[in-house]
Amino acid sequence: MASFKRDLYLFLAVFLSISGVWSFSELFFIKEPHDVTAMRRDAVVLDCQAHGEAPIGIRWLKNGVTITESERVYSLSNGSLLISEVESRKDKSDEGFYQCLAQNKYGSILSQRARLTIASLSTFTQQPASIIVMEGSVARFTCKITATPPPIITWEFNRVTLPLATERITVLPSGVLQIQGVEQRDAGSYRCVAANIVSRRRSTEATLTVTPAMSPRAPQRPRIIAGPQNLTVPAHSTALLECMASGNPRPLISWSRADHKSIDVHKTKVLGNGNLIISDVNPQHAGIYFCRATTPGTRNYTIAAANITVLAPPSLVEWPESVTRPRAGTARFVCTAEGFPTPQITWLKNGEPVRSNGRIKMYNSKLVINQIIPEDDGIYQCEAENIQGSVLAMARLIVVMSDNRPSAPRNIRADTVSSSAIVLAWDRPAYNSEKVIAYSVHYMKAEGLNNEEYQIVIGNDTTRYIIDDLEAGRNYTFYIVAYMPMGASRMSDHVIQHTLEDVPLRAPELSLTSRSPSDIQVSWQPLSHKLSRGRVSAYRLSYRTSSDGTLTQLELSAHKTHQLLEGLQPDTTYLLRIAAATAVGWGEPSAWSSHRTPKASSTKVPLAPELQLESLNCTTVTLRWHLPAGSSSGLQGFKLSYHEEGQSEAAQAQIPPHHRQHTIGGLDPRKKYHIKLLAFSFMGDGYQADQTISTPGCVSVRDRLVPPPPPPHHVYAHSNSSSSVFLHWARPAFTSAQTLNYTVRCNPVGLQNASLVLYLQTAAQSLLVTDLEPNTNYEFAVRLHVDLLSSPWSPVVYQTTLPEAPSRAPVGVKVTLIEGDSALVSWKAPDDRSAAAVTHYTVLYATRRAWAAGDWQMLQREGSITMALLENLQPGQVYLVQVSASNQMGDGPFSAAVELTIHTDGHAHRTHGFSHATVFSDGFYHLDQRSMAGIAVGVCIALTCIIICILILACRSKTRKSCTTKSIRQAGGQTPPTAVRLANESAAESVEVMMPMMRDHFIDAKGGTNLIINSYGPVKPNIEKKRRKRWSFFKKNEKEVKKVSSPAYSYHPGTTLLCYTETSPENPPTTLQGLFGPSGGDSEGSHSSEGSHETSDSGRYSHDDTEATNVSIRSRPASLQDDGNQTPVHEKQLETTLQEQEMTDLHPV
């Protein structure tokens, strides 16, 4: 019973479809419009009557656009178009092509085209000209005019109409007047008259003058005065070939064909004396005709030739037939036409042009519709058209739909897997899903026109599929259809998804020329989307000389296609290459291209030709070029050379100067060739144009049928160590080959040097990549090789190698003594890019004796902290301090030991309050403001104490002031050690120098002014008035202070020196070092040693040349610097001398 019902349904479906075709066959045209020529203001009717199932609607189109009806132009009840008054103006004309469109419920059909032409008669384009001929010779007049319809031309002699043909006179339809055997009575005035339905026009008059003939006439060889002209004529029209010859005796005219075929005598006749007329021309009459003028009785002749081209309107040889197809089926229509020129085939659906897309394809004369949907139902027409007209044929496509068909697959999803793969997933149809026997996956590029649609059929056991043969960086459209025995479902919803970008497949081809001896013009063509594999984001142009390895690189924006390199060396060979990048990274650079700059003396030779290369096929390249303006003078030719990349350059071939094109054959497929072309003149060889081109592969059947394999899937990277990464991947699905090889690409992210890209080969599905840089982010990609085919690169994966333990110690280690038993250690992070961030620092410190015994104390600080406080230090000891950095990978090396001397209690007592010593690991001493930031509070307290002391000292007796000042001046005119400033402040910032501990008489307030303050107040040479206002509280001693200013002080701008004297020193200095600090020479120190010996100063000076100069100034008075071998002066005596000198300066006699 079920089988019977199924057969009944099929019978009804076929019957209904057949009846539908029969109903459709009733829609056709009874009358169609035809070409018409009308005069202005005439009424015109264009016929159009259609027959078919009612109701039938008719609408008109002019030049493909629907006509808007008006009182002047409107449709009649029978469908014809009436133009009551034809107009012909520049802004508004009724001329054009007209078609009518008939429509009923089955669809629409379009009529043939009809041309409406407005009759006209223009002025003459060629007037007859006066001539002088010899009696007995021939005469010929001609006139030409443009008119619609073609005019009838007659001639008048002395304003009397001539007969169209006599024994001696012939009037040709083309407007030519021929006179044979001219006589004296033929002399006179001639003019032509052209007339058609519009009007009549007369040409200007031309005079024929006849001269007497010589007696007897000398023999003359035959000469063709007016030979035949090439003709292009429509079929079924008349063709006229003129042939007029002169000679003595009168020549005989004969005709023949070049193909030796006989001339059709039934439709051919001779008009006048040798003019050939062919009536009712058809394609068989086309060909080359020879006119031969022969002297009678001799073999003397002359020949003229002309070609006749016959235009034939289109005619159908094979026309489409109506078909009935189920949903998701395929329909094919065939339409073949002939004519000349070859007709162009256009397909229409319901009167509208068919748009080619993924489902609908047009192959020459065929229309193929895949995956038919209900909307494809309609009337299809094939229109064959050329300049002679058009012809149409029609057929209907009926789409049959089954009631038991499944619904469309639901919830289609697309996810990008890689630059060439997208995975599709969907849900089964909601209706009749159990009857689904298969699915078809359809996809095509979303951008552009005429994209190919691809179809893949899979079983019903899955709702997921990976498409892995896509182009990188492209948008694709996907949809899915479900199939069951009775038919197919509707299409699913369309989804658009894009593939990932990849690095460019190759670099652009370079074109190199020079405009002068010191530049190179580099140009290139943008990469195609298939080669760029995404949007190009930048170019990198590299160049160098052939003899120098120094490489210059230029980063260029993506929109640039040329770059001028200037400032180059003349007569030098340069190597250039280019690389392109997408958002993913840089592709492989091109091979080096060489170009030699012209010699400096080559300024008058021809400039480089502008060269264009094109691959005709896999073994042939065509060169086209042209010279810049002004470079053709004196040109003697061109020189061409080419060679395959990596091969030696071949000999030059010379090309004639008038050639601008050359073909190179016999090349190898898939090879890169370097081509060089230059022009040469008598001045020498010109500038050279260099270009590279890659020949394509020869297309074979195998290339067309076998797609490239998919790339490996699931690439995974794992860091094994600081120099190795382990890679593994999965074999791509649907790859049945047994022998597979893989290429692994590895390079650092943001690579600047393409030579660092690693390419590793393996047959396994895993690889350990070694010899990598620590703590560096790398990118990896894998491609598959099978059967001489290569897959695209897999998606790029990123992995960072593990970092190393710090390989360098902290730098800038310094120790600052802030109290008698406390010191501040500070440092800077090590400069080690291969190591991870520092997690903590370790500070080791101990006395010399404990250090030697391995008994040291340790402090640890977090990686963000770069200072530590050492407390409970023992007085009178020398401490050694070292710092190291550590991270999660391990501990780094320790810095060089820094020595710090802790003073005894008595010494500390003499220091009075704040005193600091800064020690550097590199042996230099420096007052670093950043290190003082950590003890800002202490500094503020110290400054407050100093200000209080100054105010107290300002009130002391003048006797003590005089004594102090005098003692200083007698010391050789030098400022105390702490008053000497470094040569420049930048040196003080970079070369850190420890200042000796302050004595009781000298306090460095590190002010930003040039004041010198002793116990009596501020002292400044040539002090400015506005500066004195800031020290107004010292006005009572201002006069005496001015007297203190003396050359005895070594004055340095930007330094404030505070000088004071103790009221009653309990512990006077016992040595010279106690007053002036350590000696500048320090014979026991070395550049590499750090810290100081057990002395009252807190460190050792460097023996650096610049620093030694400053230190010697600080350490000794001028009286001791004159001679290094003088006997040391006792400190007590020196102090007394200085005090006496100071008293003398303050109280002059």
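Going from the start of the chain as shown, residues are counted 1 onward.
Using the three backbone atoms N, Cα and C, a Cβ is placed for every residue, glycine included.
Looking up N617, N1110 in Swiss-Prot shows the N-linked glycosylation site annotation sitting on N617. In Swiss-Prot, the feature N-linked glycosylation site is attached to one residue out of N720, N984, namely N720. Swiss-Prot names the disulfide partner of C48 among C100, C143 as C100. Swiss-Prot lists a disulfide bond between C291 and one candidate from C243, C382; that candidate is C243. For C48 (disulfide bond), the count of additional Cβ atoms within 10 Å of its Cβ stands at 26 [all protein chains shown]. The shortest Cα-Cα distance between C143 (disulfide bond) and any of the disulfide-bonded residues C48, C100, C291, C335 is the one to C291. The shortest Cα-Cα distance between C335 (disulfide bond) and any of the disulfide-bonded residues C100, C192, C291 is the one to C100. Within the group of disulfide-bonded residues (C100, C243, C335), the Cβ with the highest number of other Cβ atoms inside 10 Å belongs to C100. Ranking the disulfide-bonded residues C48, C100, C291 by the distance of their Cα atoms from the Cα of C382 (disulfide bond) places C100 first.
Straight-line distance linking the Cα atoms of C192 (disulfide bond) and C243 (disulfide bond), rounded to a whole number, equals 20 Å. Sequence-distant contacts (6 or more apart, same chain, Cβ under 8 Å) of C291 (disulfide bond) comprise I224, G227, P228, L241, C243, I253, S254, W255, G274, L276, I303, A304, A305, A306.
Neighbour counts of Cβ atoms within 10 Å were compared for the disulfide-bonded residues C143, C192, C382, and the top value is held by C192.
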